[in-house]
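Peer 1: The structure follows.
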Amino acid sequence: MMKEKYYGVIVVGGGHAGVEASLASARMGVQTLIITIDNDSIGWMPCNPAIGGPGKSQVVREIDALGGAMAMTTDETLTQIKMLNTSRGPAVWSLRAQVDKWAYSRKMKERLENQPNLHLRQGLVEKLIIEGNRIKGVQVADGSVFYADAVVLTTGTYLSGRIYISSWSMEAGRWIKPPSNALSNQLKELGFRMSRFNTGTTPRVDKRSIDLSKFQEEVGDFVPLHFSFWNKPKVYDNQIPSYLGWTNEKTIEVTRKYMHLSPSVAGLMVKTGPRTCPSMEEKVRWFPDKTRHQFFLEPEGFGTNEMYMQGMYMSMPYDMQLEVLRTIPGLENVEIIRPAYVIDYDYIIPTQLNLTYETKLIEGLFIAGQPNGTTGYDEAAGQGLLAGINAALKVQGKAPFILRRNEAYLGVMTDDLLTKELFEPYRITPSHCEYRQILRQDNADLRLTRKGYEIGVVEEWKFRMFEEKERKLEEIKKILEQTTIYPNKENVEKLKELEVKEINQPLTLFDLLKRQDFTKDTLKKLDSRFADFDDEILMEIEIEAKYAGYIQREMNKAKEFLRFESFEIPDDIDYNLVPSLSKEARTRLSEIKPKSIGQAMRITGVRPSDIQMLIMYLKERKGDENV
């Protein structure tokens, strides 16, 4: 076998998970091969052309803090950017960008092509090469064989994928792309427990056939913003608006007339899909009395007339899709460029993974993205990053990289996948996270970049930028804490001019920042020393000051969390020997094999009484009542 066919890590699939997995492994110095069905659709967006949103932007920022590519590529290709939830606290402030999906894919391909240690190969992987219970490589459809010490599967919706428009269907990983049937069948033969989900996409319509004056224009924020910590915030002057519209009684009437032609209603496919993205047919069934559903017309890029109809998922025949759309004012003459369709696909029940995304069944085999039962580009990219990091660390013989729930949204997602039963494709939201005040999008670099640098996944120049930010933060905090404002006549007058409530005792500038009427902008007007500091750094400190009480409470909760996380469960435990466990708990614990009491507590079906019996058993086993 030729020498060049041996690699440290092979990544199968070039979507959002595959991109981050391969780049991470290569950045860590491991010779990495990425094999994808189509090298010209790397990082492709088959659904909505958007990155971020509540929960998702926190994940994207964490990927960025660990050296990933999603945030930087978004900054370089966005068509619109907004900060969401600004009327609420900073714990849920969330960036969302619409991007030019063609430019995004091209830019991602460039990143892969220019990354040292990374090699690209176009092909359809049909077989995993396994010896004993250990991965050895992969075989491509043309017969080529590539060997590696670790393989990361990031196959998206390609595992036995099938697309549907009404009763018509074809085997496909997405529109006209061949599925990975052989790979899916092999995983089942190896003993992986698998299930099936569906997802869908909306019609793409021709902007020229729409009367946009009938819709509410939605513009981006024309203030300095950025997704990536490594780019300077800027005002994007070339943003394209999107448009808000609503369905009506006629829309619902026509949908109801044809919804029996939907493949899920007709029983032609699996019905379980993302609950947060219901199709028009599902909206009519789930909300029979509601006629007004919102949707958005979103541009797919700068150089195209195609618009994505966010919220108008459907799978009825093409002519019926057109009839539904033309009931809406402004869409009377609309033309569909690409019809909506739905796809169902196999996924691996994710409780069969370790915290590193390595499978428990096959050593060296890692899985990330939609094959784990998740939905969303951001979630896939986050899993890909962690899987790529841990695959590289395994090859290097180093300790794994695991993020806990109190450290990152990425840790929350990982823990949820390994402990919770999935009833629909998993999507990360702020409601999943118990530590929202300390896991904000603005401080992801402060939480994670040093960790990433220590394992070699964050590049030197990024770490130097991070250290400079840390230095400035300390400098500003020192000035704030050492500068006291006394309630003398001059200061009282100055504060009054700035519309700040009168003070009646000496306060440090940091104490003043805790007040709602005193902001970073007030600070810059009051004290010229702060005029040249970055607004983002000052905002970081303002958040820390104003929300200090909430942050401290969450830090205390995190300490309690860590107490249970540090109570380790031996790998060789036999749950059949633990007395008085419920049957469900015994089954679930034996299946998932939690690493700690904390993880065991979060497993679906494990009750507090089961945890109590498990702790008692472990204490007796260790012979230490103080454990």
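For all residues, glycine too, the Cβ spot is worked out from N, Cα and C.
TrEMBL does not curate its annotations; it predicts them automatically.
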Peer 1: In TrEMBL, the residues Gly13, Gly14, Gly15, His16, Ala17, Gly18, Ser180, Gln370 are said to bind FAD. Which of Val125, Val223, Val235, Val324 is said to bind at that same site?
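Peer 2: The record-listed residue among the candidates is Val125.
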Peer 1: At 10 angstroms around each C-beta, which of the binding-site residues Ala17, Val125 has the fewest other C-beta atoms nearby?
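Peer 2: With the binding-site residues Ala17, Val125, fewest surrounding Cβ atoms within 10 Å: Val125.
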Peer 1: Taking the Cβ of Gly15 (FAD binding site) as the centre, how many other Cβ atoms fall within a 10 Å radius?
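Peer 2: Its Cβ shell of radius 10 Å holds 30 other Cβ atoms.
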Peer 1: In sequence order, which same-chain residues at least six apart have a C-beta under 8 angstroms from Gln370 (FAD binding site)?
Peer 2: Ala17, Thr155, Gly156, Thr157, Tyr345, Tyr347, Ala380, Pro425
Peer 1: Compute all pairwise C-alpha distances among Gly13, Gly14, Gly15, His16, Ala17, Gly18, Val125, Ser180, Gln370, the residues listed as binding FAD, and give the largest one in whole angstrom.
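Peer 2: Max Cα-Cα spread across the FAD binders: 18 Å.
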Peer 1: Gly13 (FAD binding site) has how many other Cβ neighbours within 10 Å of its own Cβ?
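Peer 2: A 10 Å sphere around the Cβ of Gly13 (FAD binding site) contains 30 other Cβ atoms.
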